[in-house]
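Down below is the structure, laid out as structure tokens.
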Amino acid sequence: MNNTHTLKKKKRRRFKDLMPLYIMLLPGIIYLFINNYMPMTGIIIAFKQVNFAKGILNSPFIGLKNFEFLFRTKDAWIITRNTLLYNLAFIILNMIVGIFIAVLIVEIKHLFAKKIYQSAILVPFLMSTVILSYIVFALFSSENGMINNSILKLLGKDPISWYNEPKYWPAILILTNLWKSVGYGCLIYIASIIGIDKSLYEAAQLDGAGRWKRIRYITLPSLLPTIIILTLLSVGRIFYSDFGLFYQVPMNSGTLLKTTNVIDTYVYRSLMQLGNIGMASAAGVYQSVVGFIVVLLSNWFVRKVDDEKALF
Amino acid sequence: MLNSKGNKLFQTFAHIMLGIMVLLVLLPFVLVFMSSITDETSLITNGYSFFPKKTSIDAYLYILQQGGKIVRAYGITIFVTILGTSINLIMSTLMAYPLSLKKLPYRRIITFYVFFTMLFNGGLVPTYLMYTNVLHIKNTLFALIVPNLLLSAYNVLLIRTFLSVNIPSALYEAARMDGAGQFRILISIVLPLAKPILVTIGLFTGLAYWNDWTNGLYYLSGNEGQSLYGIQNLLNQMITNIQYLASGKVGGIGSEVAKMPAVSIRMAIAFVAMIPLLVLYPFLQKYFAKGITVGAVK
């Protein structure tokens, strides 16, 4: 009798003790439920023929029809190809340029200059894609753009109508992205170079290894785990792209779609501009599901390389 | 001897390469600024240029005098950034602290609940339909604050890891002995010790709010929506209008063009939108750098 009484008391005290913690968790749990979990159930929209008069819940199921329509279009192939190729280009170029700059910055002796370089490289990272689109527009607009007005004129070449020529956009978008995000990776590389054991360098120097040899045989191999991890993490996001970069920077120009349309922009256009909810949600589900599989795979690889760095 | 010569050569090479890099990074900003102080007619005849033939500060005077819309958008951006970042920080900390305690029952399940949102999402269509048709946040200030930016699972997990690594549980026990409740502990022990990570995450969240224009694009429309435009959406609207008109898709261009701010004014507004970041950056640089490496190393 007495025993159960104290047990109850203990339980009650434990409850009183833990309750505030659950109360703290509540706002976040509710927010994630609304913002993230409720939309997950909305995936059924992709399997329905949405009829707003009947409401989404009462609209008839049509199985995989929406997906059939989507994959019968040329768009499905174009947006998949563009998304993958752009991301691959970003990953490779950002890595090479990032490492190159990081190695140079680390080797700089002059401390003040080093600091300036290091700070400058991150500035574009702060800018919104809207600002990016202004900068690209200032360079490439056909009437006022600096490239047409100053550079091409100086070279005696005819102006180019950049916003109507799809073939230039892969280069423009890849360089714009590089400009914006190279500093991010670069800082991580700098941090991991600084973390390399100094005695390795001293030993190599005693053995008569020059700077190039030290970079080649110590710095780069030591960076390899970081490189692999960063690459795998970005591969995990390979089915997603920066919406602003592909929508805003090319100014949503229809003539450029062949080389600027990616899954994210396709979903947005189908939903908002064409009002084609079927296609939009089919493409969205395609992106989420394949994206999920890619994340799982890349995480599995990360785990193989370095257990600690894996997401889960 | 030879080594030091090679060293000098290398240093020169590195300075030249990095010098070029700094120019490439900074020149676009210079271009925006120079265009904003270029005389309008000179801009139209000669295009954007680093060396304007004729300078003028008319664009900035215009913003000062007539910029009701611009000042308003700027105010909205500041308001949304401060409010959104504060709520985000409060909610993240409130979640991270309990999850950092090993004794909390169901800790693993709740952590997975948070974490899973990083792996899988419903996509734009269901999210959009839910926010517009179920929660009706279209054309309200909530649209700029709530969707996607208000809490990030990644940040919660970062703070949680920081707390469990940096705060010894003996500290909590001592506080409990003194009779402190959980909220008391959170405020007087956790918050002061978590300051470094909170500053970093606050900065990144603030940056995300300041630069966000997609929520405005998705959830604000019509005249009602436009009155809530932040500075990024205002800029976005101005530049897309220009492109739309230039593409010749609409008739009766004259009146529309007349309503549009001149080229130099647009550049001036773009520059004004960048100023807070450029001014604060030297002070915040350290935290940004730290945040990036913390995020990557986990």
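Here the Cβ of each residue, glycine as well, is placed from N, Cα and C on the backbone.
Worth saying up front: this structure is predicted, and the values here are computed from it rather than measured.
These features come from TrEMBL:
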- B:74-284: domain 'ABC transmembrane type-1' (DOMAIN)
- B:12-34: transmembrane segment (TRANSMEM)
- B:73-97: transmembrane segment (TRANSMEM)
- B:109-129: transmembrane segment (TRANSMEM)
- B:141-163: transmembrane segment (TRANSMEM)
- B:183-210: transmembrane segment (TRANSMEM)
- B:265-284: transmembrane segment (TRANSMEM)
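Listed as Cβ neighbours of the transmembrane segment (B:73-97) (distance under 8 Å, sequence separation of 6 or more from its ends, same chain) are residues 114, 141, 144-145, 149-152, 155-157, 159-160, 162-163, 186, 190-191, 194, 198, 201-202, 205-206, 209-210, 228-234, 272-273. When the stretches B:12-34, B:109-129, B:141-163, B:183-210 are ranked by Cβ pairs under 8 Å to the transmembrane segment (B:265-284), first place goes to B:12-34. Beyond the ends of the transmembrane segment (B:141-163), by six or more residues, the same chain brings 76, 80, 83-84, 87-88, 91-93, 95-97, 99-100, 111, 114-115, 117-118, 127, 131, 190, 193-194, 196-198, 201, 204-205, 208-209, 212, 215-216, 218-220, 228, 230, 294-295, 298 to within a C-beta distance below 8 angstroms of the stretch.
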